[in-house]
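Residues or ranges marked as topological domain 'Mitochondrial intermembrane' by Swiss-Prot on the basis of similarity to another entry: 1-14, 88-227. Taken from Swiss-Prot, the feature transmembrane segment applies to 15-45, 60-87, supported by similarity to another entry. Residues or ranges marked as topological domain 'Mitochondrial matrix' by Swiss-Prot on the basis of similarity to another entry: 46-59. Annotated Cu cation A1 binding site per Swiss-Prot: His161, Cys196, Cys200, Met207, in sequence order. Summarising the annotation, Swiss-Prot assigns Cu cation A2 binding site to Cys196, Glu198, Cys200, His204 and lists similarity to another entry as the type of evidence. The feature Mg(2+) binding site is assigned by Swiss-Prot to Glu198, with similarity to another entry given as support.
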Amino acid sequence: MAYPFQLGFQDATSPIMEELLHFHDHTLMIVFLISSLVLYIISLMLTTKLTHTSTMDAQEVETIWTILPAIILILIALPSLRILYMMDEINNPSLTVKTMGHQWYWSYEYTDYEDLTFDSYMIPTSDLKPGELRLLEVDNRVVLPMEMTIRMLISSEDVLHSWAVPSLGLKTDAIPGRLNQTTLVSTRPGLYYGQCSEICGSNHSFMPIVLELVPLKHFEKWSASML
């Protein structure tokens with residue numbers, strides 16, 4: 001969950017998000033080192049009047065500044081490709097949930113159950129209870145079992161939407177006429193909030209997403225009560 005004046009990412013709740021945080025730190029370190037080197041060279045150029053004339057034609061220098069950036073790009077690309085393949089990999093999901101974007105709410109269907117569907121609307125500010133979050137609470141939460149592989153099928157009934165939950169490292173476009181999929185695995189129980197992340201009209205900011213991750217026994221009781 002985000003908090004006021006937060007500068008970093010939300011706490012990782014899935015293996016994918018943990019990998020993304022590590023990749024972010026890895027890349028940020030490379031960017032910091034490159035920026036420091038460039039600033040150091042610029043400061044030297046501005047503070048000295050000496051000129052090394054042979055540097056302009058040095059083949060060794062040209063070789064270094066060609067090979068070194070290539071190595072740096074490889075060091076960035078390889079971890080990125082690994083995470084991309086991990087995000088696309090879906091092996092034997094325990095549960096499949098289909099979500100459809102509408103103007104301006106989400107609908108959910110648990111495809112492993114015969115008749116378990118519902119719509120999820122934002123709760124207006126005037127109806128919020130003490131302790132609830134403005135613009136983030138919904139009337140029907142998406143209850144899912146933790147520590148299990150869940151496949152999310154995402155599409156749209158009207159315009160472009162995007163189903164995003166930052167703490168789980170999820171952001172998948174909901175495109176009319178196309179079915180996208182993503183994997184969801186939570187390592188701990190709790191409430192996880194997200195929002196539509198694609199501008200979709202006047203009420204775009206009123207499309208929150210709330211996932212309630214619970215132990216399997218609690219999920220079985222909830223699903224039985226919904227049928």
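Each Cβ is built from the backbone N, Cα and C atoms, and glycine gets one as well.
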Tertiary neighbours of Cys196 (Cu cation A1 binding site) (same chain, Cβ under 8 Å, six or more apart): Gly101, Trp104, His161, Ser162, Trp163, Ala164, His204, Ser205, Met207, Ile209
Remote residues contacting the transmembrane segment (60-87) - C-beta distance under 8 A, at least 6 residues beyond either end: 15-16, 19-20, 22-23, 26-27, 30, 34, 169, 182-183
Candidates Cys200, Met207: member of the binding-site residues with the richest Cβ shell (10 Å): Met207
Cβ neighbours within the same chain of Glu198 (Cu cation A2 binding site) - under 8 Å, at least six residues apart: Leu160, His161, Ser162, Asp173, Ala174, His204
Residues from the same chain, set at least six apart from the ends of the topological domain 'Mitochondrial intermembrane' (1-14), whose C-beta lies under 8 A from its own: 20-21, 24, 166-170, 184-188, 190-193, 213
Check: same-chain CB within 8 A of Cu cation A2 site center, minus Cys196, Glu198, Cys200, His204: Gly101, Trp104, Val159, Leu160, His161, Ser162, Ser197, Ile199, Gly201, Met207
Sorted by sequence, non-His161, Cys196, Cys200, Met207 residues with Cβ within 8 Å of centre, Cu cation A1: Gly101, Gln103, Trp104, Trp106, Ser162, Ala174, Gln195, Ser197, Glu198, Gly201, His204
Candidate with the highest Cβ count within 10 Å, taken from the binding-site residues His161, His204: His161
Local confidence of the prediction over the topological domain 'Mitochondrial matrix' (46-59), expressed as mean pLDDT: 70
Summary of DSSP states over the topological domain 'Mitochondrial intermembrane' (88-227), given as helix, strand and coil counts: 21 helix, 61 strand, 58 coil
Secondary structure composition of the topological domain 'Mitochondrial intermembrane' (1-14) [DSSP: H/G/I, E/B, coil]: 0 helix, 0 strand, 14 coil
